[in-house]
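**Q** Quick one: structure below, then a few questions.
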Amino acid sequence: MKRNTRKIAIIGTGLVGSSCAYSIVNQGICEELLLIDINHERAVGEAMDLSHCINFTNTRTKVYAGSYEDCKDMDIVIITAGPAPKPGQSRLDTLGASAKIMESVVGGVMESGFDGIFLLASNPVDIITYQVWKLSGLPRNRVIGTGTSLDSSRLRTILSEMLHVDPRSIHGYSLGEHGDSQMVAWSHVTVGGKPILQILEEKKDQFGEIDLDEIVEKTAKAGWEIYKRKGTTYYGIGNSLAYIASSIFNDDYRVIAVSAILDGEYGEYDLCTGVPAIITRDGIKEIVELNLTEDEESRFAKSNDILRDYMKTIGY
């Protein structure tokens with residue numbers, strides 16, 4: 001990827017794509033922002049609206065609508081296109097429809113001569129990220145999904161409300177599927193550098209008996225709690241995409257829980273799942289392998305097995 005440019009394309013200008021675009025423009029993450037949608041006029045409208053807010057920011061981002069052909073010079077292509085789950089469905093239930101969309105999208109982007117980084121949010125994001133890797137032929141470090149980045153943020157928010165601590169002082173990750181089977185590596189969750197398991201043990205009088213499984217379930221179901229109230233989620237995932245894109249351009253070696261293709265890490269091969277990874281200008285610099293407990297390894301493996309079973313339904 002060229003290191004003297006900052007150009008991003010967003011494919012899909014629905015609520016997630018437009019929220020991501022808004023975050024990118026407000027933060028001045030890129031110099032050029034290309035919007036692509038099956039409804040071209042929708043993309044044109046979003047580009048116009050975003051351009052009109054430039055005077056109220058400290059940045060100058062060129063925002064315009066275009067087509068796949070324009071992706072040739074992009075550094076990052078963000079894909080948010082895909083169907084939203086209907087009531088009662090899981091993210092995995094949208095796989096068939098999402099997979100068909102990706103075949104068209106990735107084919108169009110790659111035909112342009114694109115040679116940058118794919119950043120995915122389309123659900124089920126772990127499997128779709130794997131599919132895009134296969135379809136694109138790009139190195140695995142340059143195909144990244146949002147994975148459990150948002151889940152990890154939700155986890156920290158839930159813990160911060162429980163412990164009365166700023167969520168930015170809490171460190172830890174949800175791993176595995178961005179969905180119902182995700183797990184938390186509790187042995188690596190810290191608050192101000194102190195293990196949370198130690199804190200909960202020492203302060204039982206203050207916090208009582210905390211059911212960690214309930215916290216995991218609350219984290220995994222957070223999206224559905226939002227869905228029940230407003231129909232879908234977009235601010236959190238939009239900001240997650242912008243955050244990852246910023247980390248790529250800034251080459252800041254930030255550790256983020258993303259969908260990454262494993263090739264021996266955690267003893268897994270030919271699988272895309274949510275794991276912490278070091279993000280740089282080249283994409284994923286390194287996958288961080290946490291030393292999981294036996295119970296955590298088992299939960300992580302179960303989540304990965306679910307992903308593998310669904311991968312088979314689209315030929316992988």
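Using N, Cα and C of the backbone, Cβ positions are placed for all residues, glycine too.
Pulled the feature table from Swiss-Prot, pasting it below:
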BINDING   VAL16, ASP37, ARG42, TYR68, SER104, ALA121, SER122, ASN123, THR146  NAD(+) binding site
BINDING   ARG91, ASN123, PRO124, VAL125, ASP126, ASP151, SER152, SER153, ARG154, THR233  substrate binding site
BINDING   ARG156, HIS171  beta-D-fructose 1,6-bisphosphate binding site
ACT_SITE  HIS178  active site, proton acceptor
**Q** Across the record's NAD(+)-binding residues VAL16, ASP37, ARG42, TYR68, SER104, ALA121, SER122, ASN123, THR146, the largest CA-CA distance in angstrom?
**A** 24
**Q** Work through the binding-site residues one by one (SER104, SER122, THR146, SER152) and point out the residue whose CB has the fewest other CB atoms within 10 angstroms.
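**A** Sparsest of the binding-site residues SER104, SER122, THR146, SER152 by Cβ contacts within 10 Å: SER104.
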**Q** Just give me the nearest neighbour of the residue listed as 'active site, proton acceptor' among the binding-site residues ARG42, ARG154, ARG156, Cα to Cα.
**A** ARG154
**Q** Which ones, of the binding-site residues ASP126, ARG156, HIS171, have a Cα no more than 10 Å from the Cα of THR146 (NAD(+) binding site)?
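**A** ASP126, listed in sequence order.
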**Q** I need the nearest neighbour of HIS171 (beta-D-fructose 1,6-bisphosphate binding site) among the binding-site residues SER104, SER122, ARG154, using C-alpha distances.
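**A** Nearest by Cα distance to HIS171 (beta-D-fructose 1,6-bisphosphate binding site): ARG154.
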**Q** Could you check what DSSP calls HIS171 (beta-D-fructose 1,6-bisphosphate binding site) once collapsed to helix, strand or coil?
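**A** In the DSSP reduction, HIS171 (beta-D-fructose 1,6-bisphosphate binding site) maps to strand.
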**Q** Rounded to a whole number, how many Å is the Cα of PRO124 (substrate binding site) away from the Cα of SER104 (NAD(+) binding site)?
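**A** Cα to Cα, PRO124 (substrate binding site) and SER104 (NAD(+) binding site) are separated by 17 Å.
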**Q** Between SER104 (NAD(+) binding site) and SER152 (substrate binding site), what C-alpha distance do you get in Å?
**A** 31
**Q** Would you count the other C-beta atoms found within 10 angstroms of the C-beta of ARG42 (NAD(+) binding site) for me?
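**A** I count 17 other Cβ atoms within 10 Å of it.
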**Q** Counting Cβ atoms within 10 Å across all protein chains shown, which of the recorded positions ARG154, ARG156, HIS171, HIS178 comes out on top?
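**A** In terms of Cβ crowding, the pick is HIS178.
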